[in-house]
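Lifted from TrEMBL, the feature list:
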- 65-87: transmembrane segment (TRANSMEM)
- 93-249: domain 'Sodium/calcium exchanger membrane region' (DOMAIN)
- 124-145: transmembrane segment (TRANSMEM)
- 157-181: transmembrane segment (TRANSMEM)
- 193-212: transmembrane segment (TRANSMEM)
- 232-250: transmembrane segment (TRANSMEM)
- 274-295: transmembrane segment (TRANSMEM)
- 281-419: domain 'Sodium/calcium exchanger membrane region' (DOMAIN)
- 307-326: transmembrane segment (TRANSMEM)
- 347-372: transmembrane segment (TRANSMEM)
- 378-399: transmembrane segment (TRANSMEM)
- 406-426: transmembrane segment (TRANSMEM)
Amino acid sequence: MATNSCNEAYVVENGGLKGSSKEMRPGRTAHNMSSSSLRKKSDLALVSKVPCRCLRMLLANLQEVILGTKLSILFPAIPLAVVAEFYSFGRPWVFALSLLGLTPLAERVSFLTEQIAYYTGPTVGGLLNATCGNATELIIAIFALSQHKIEVVKYSLLGSVLSNLLLVLGTSLLCGGLANLRKEQKYDRRQADVNSLMLLLALLCHLLPMLFRYAGAPATPTADLTLNLSRASSIVMLLAYVVYIFFQLVTHRQLFEAQEEGEEDDNTASGEEAVIGFWSGFVWLVGMTLVIALLSKYVVDTIESASASWGLSVSFLSIILLPIVGNAAEHAGAIIFAFKNKLDITLGVALGSATQIAMFVVPLCVVVAWTMGIRMDLNFNLLETCSLALSIIVTAFTLQDGTSHYMKGFVLLLCYVVIGACFFVLRTPLTDQPNMNNLELKLSTEAVFRA
């Protein structure tokens, strides 16, 4: 009773809910359901006995936001990373602690966007989730762009797509198949078909700039043409993503809403109503975004030092390690729901996140680099683009029949292992991007004069 009265006080103090009833509550997306699997139900009985209203609200918010996740044990890594940076400890330590600190922050951002959605309604909440769903990757990419580390941007975003399509989906189908050997595993093909089409469009926009460079005559300057094609393709991709969001939130929402099937477990019960107020959620969301920005800066600043110290290439750290650690919470949630034979939620997490990265974050980075005067294109080089193409095609073939078993997941997982081994042995040094751009312009100009 004390817990319920305390929650009711928060609602009164922060404004009424929109659609908080069972009938009007907005449908929860797969991302929300995935993150909720890692949340803990908070007992506010002790907090409700605090006489001071302001202190009671502060303690309740701290308990819900900081301690309300099973990943709260990783929060101490955040101040440790700041201390390590301030006192100039080993740069690899700063890199490792920053990655660990980003793990619970990514899950908490998903939690806070869901809480805000209870007050704003399903449409605004869906837009918030679509925007903040991969906030960590976007912030890391922007900091890397500001330091002209375009390879780090491309590697990290490519790694996010590969990890979602092969690692997360493969592990989920493998574990779900083994845990449900005597059950038939089915899922709705319609959502998978839509995401596969979007990923194939993204692949086309990546392939053309790369092929454009190889298809040109030897004496023809292609740097500027490839860049212009990439920028035009990025605008097309962003336009397609806007239509995709409209399709997902308005016209065909039922395809993307996660079905809870009336289960009364703790995780579902904890997601039935808002536990913090609108303004509290907004302030926490802004604060955690700033902390993510700080840790992202540390990651970008120290990735080369960590690469040299650990004997691992920057491409391996960016493509394999960054996506695994940064999205560990979301990935774990997808696997948990696969164990429960809820593959629609698992597919919504893996394919939805891959689509968001490929169709929104990557072209947005190209446009942002354009405004910053940085020459970033969609040419991810031959090896990286082929890895992306094979991953999308293999995933599309895997999901074409609407059923699943552990062998499909095992094959996807092996594909990820082979690609990871490829980038483990690949030792491609980072280039100085401003100098590379100047060199490309110089070579293009000389080619024009020779012609």
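Note that the numbers count up from 1, one per residue, in the order the chain is shown.
Backbone N, Cα and C define each Cβ position, glycine as well.
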DSSP-assigned states of the domain 'Sodium/calcium exchanger membrane region' (281-419) in counts, ordered helix, strand, coil:
115 helix, 2 strand, 22 coil
Quick check: do the transmembrane segment (347-372) and the transmembrane segment (193-212) share at least 3 Cβ pairs under 8 Å, counting only pairs 6+ apart in sequence?
yes
Candidate ranges 157-181, 232-250, 378-399 - greatest C-beta contact count to the transmembrane segment (406-426) (under 8 angstroms):
157-181
Does the transmembrane segment (157-181) come close to the transmembrane segment (307-326), meaning at least 3 CB pairs under 8 Å for residues 6 or more apart?
yes
In the same chain, who gets a Cβ under 8 Å from the transmembrane segment (65-87) while lying at least 6 residues past its ends?
38-40, 42, 93-94, 97-98, 100-101, 103-105, 107-108, 111-112, 275-276, 284, 291, 294-295, 298, 329
